[in-house]
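*Asks:* Please see the structure below; I have some questions.
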Amino acid sequence: MAPNSVAVTMEKPDNFSLLEINGSDPSSFPDKRKSISPKQFSWFLLLKAHRLISCLSWLVSSVKKRIAFSAKNINEEEDPKSRGKQMYRFIKACLVISIIALSIEIVAHFKKWNLDLINRPSWEVYGLVEWSYMAWLSFRSDYIAPLVISLSRFCTVLFLIQSLDRLVLCLGCFWIKFKKIEPKLTEESIDLEDPSSFPMVLIQIPMCNEREVYEQSIGAASQLDWPKDRILIQVLDDSDDPNLQLLIKEEVSVWAEKGVNIIYRHRLIRTGYKAGNLKSAMTCDYVKDYEFVTIFDADFTPNPDFLKKTVPHFKGNPELGLVQARWSFVNKDENLLTRLQNINLCFHFEVEQQVNGVFLNFFGFNGTAGVWRIKALEESGGWLERTTVEDMDIAVRAHLNGWKFIYLNDVEVTCELPESYEAYKKQQHRWHSGPMQLFRLCLPSIIKSKISVWKKANLIFLFFLLRKLILPFYSFTLFCIILPLTMFIPEAELPLWIICYVPIFISLLNILPSPKSFPFLVPYLLFENTMSITKFNAMISGLFQFGSAYEWVVTKKTGRSSESDLLAFAEKEEKLHRRNSESGLELLSKLKEQETNLVGQETVKKSLGGLMRPKNKKKTNMVFKKELGLAFLLLTAAARSFLSAHGLHFYFLLFQGLSFLVVGLDLIGEQIS
């Protein structure tokens, strides 16, 4: 082939992806570098154009796939008919307005217009654009700024009231510690030598499709140190999986063979969620033989001495209706999300529950790890299905009937924290929408009740309004909406003590019950503001009876508190399989064999040091639209603050925006399998 010839090869006549230009090295013929024919140049341009089109096509295809994947995972946890869409539209509107305002301010900044001077003489204004900008400044100062200032002052007052309440609670806790105040037994209530002196106790374990944890809760309840003839365990299974029902039945039968007084109960008509399950169980004829009832959720594992530390407090105290124990968490150090949850719940139990129990003899029942006097339940109307917070409902009604509560801070029951943000968000939505439902329903009863005026005031203003309504309202409105808007309205700028000093002080108070969490002070402050959108949305849905307020979603469990050696677990499962050879349990035996084989394979794979890779479930990231919208709103406001050199305002908005971004992309906690 001649040195200056060009050969064009194509695998397919309609595809130029394999087109090649074969020619000699131009550097060998410096005198012929410029002798390129028009045909060669055309082929060269065609090749470059094809490569560019291929690259763009690949990018478009990748973007489409990512959008389709994100659309599939966006807010799958929300009801399509819920009012959350209205909140999202509001956030989008604020974001669009802030972007437009930022664009205007950027132009004004580089044009070197005076951003603060409003009353500028008309003869100094040059051009229609600058005149329009000055007109906007005047309109903003006269009409928009006063409204934002009034709203910010109102939220600031609420913020200070709530901060004062938090400070008073901490002082009350300090007084309890200083004076060593704690519930004490006035007399020897139980003769340990005489089993007949032990009162009759009913144990209830409600569960629904909780495969990961049913064994540990049933096992822990079956090992409670109490005379076998003075205790009955009800396993209240609302699972809709027939295979799981068989497994739970088998676990119950295993403990029954060991002499434990335990029964399995499954409802054919599963209505009312947990409240309906408990209500149905209390209608059994044998319940009238029992004096107390203890409730444990499926992931709770009490110590054997739980009943001996709680039930004796009822002796000689006929007005006592509830004894509540503290929660402890087996997975509190699992990830950042569980660490931040631990801070909140440590404050709740160490401070809120303890102070209210000592000074008021009233607090919200936590739904589990508590002992009720059955008479108190019956006189208060029993379990009602009208809200998603049946525990708080029965506690309020019992308080209105004059029953007293005791909280035991030194009696702990181990449980799990949600490890994924999706599970935590659903839990928090239920915990914050239910109280507002309950407040609407209970307000007439509170007003008409015969309790003292100060107890009524505590219920209405502190228990419901301040801690359940005002807290999520001001935290979302002040820090997520007003603060970023004030960056575009300098007349309404918030002082530093509101956005920095007081929040840090309150966060320090929250961390005091868990001092090991001090390094997470800043992440905790940012995350609490991030969760305000979920709590605010839940509060609104509960207050105005939106559809999402009636949703009950069982919090996903991982069973970490029951993890043990896989070989021991496989051996236990194989023994169960051999023991159940009856014809009626053939299906169960097959299921046990399959699970044993799977566990055995997993053990072998681990023992081979990774030579055989186990097939893992695919984990996906959810995309939370409202959190992402607020992230971009705060980052836009941070950019505006940067132009004005606001310092701490900029850093707060920047890190708060990044916090919303991390949560919106589901980068905190475990992903969903």
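Keep in mind that glycine also has a Cβ here, set from the backbone N, Cα and C atoms.
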*Asks:* Based on what Swiss-Prot says, identify which of SER24, SER189, SER581 is the phosphoserine one.
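*Replies:* That would be SER581, per the phosphoserine annotation in Swiss-Prot.
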*Asks:* So which of 90-110, 469-489, 494-514 is most in touch with the transmembrane segment (623-643), counting Cβ pairs under 8 Å?
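*Replies:* Result: 90-110.
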*Asks:* May I ask for the distance between ASP297 (substrate binding site) and ASP391 (active site), taken between their Cα atoms and rounded to an integer number of Å?
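*Replies:* Distance between the two Cα atoms comes out at 12 Å.
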*Asks:* In sequence order, which residues at least six apart in the same chain have a CB under 8 Å from the CB of ASP238 (active site)?
*Replies:* PRO206, MET207, CYS208, ASN209, HIS266, ARG267, ARG270, ASN277
*Asks:* Over all shown protein chains, what is the count of other CB atoms within 10 A of the CB belonging to ASP297 (substrate binding site)?
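*Replies:* ASP297 (substrate binding site) is surrounded by 24 other Cβ atoms within 10 Å.
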*Asks:* Of all the recorded positions given, ASP299, ASP391, which has the fewest Cβ neighbours within 10 Å once its own Cβ is left out?
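*Replies:* Counting other Cβ atoms within 10 Å of each of the recorded positions ASP299, ASP391, the minimum falls on ASP391.
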*Asks:* Determine which residues of the chain contact the transmembrane segment (469-489) at the Cβ level, with the cut-off under 8 Å and only residues 6 or more beyond its ends counted.
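*Replies:* Same-chain residues near the transmembrane segment (469-489) but 6 or more away: 94, 98, 101-102, 105, 140, 144-145, 148, 151-152, 155-156, 158-159, 161-162, 432, 436, 439, 498-499, 528-529, 532-533, 535-536, 538-539, 543, 630, 633-634, 636-638, 640-641, 644, 646, 649, 652-653, 656.
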*Asks:* Which residues of the same chain, at least 6 past either end of the transmembrane segment (90-110), have a Cβ under 8 Å from a Cβ in it?
*Replies:* 133, 136, 481, 484-485, 488, 626, 629-630, 632-633, 636-637, 639-640, 643
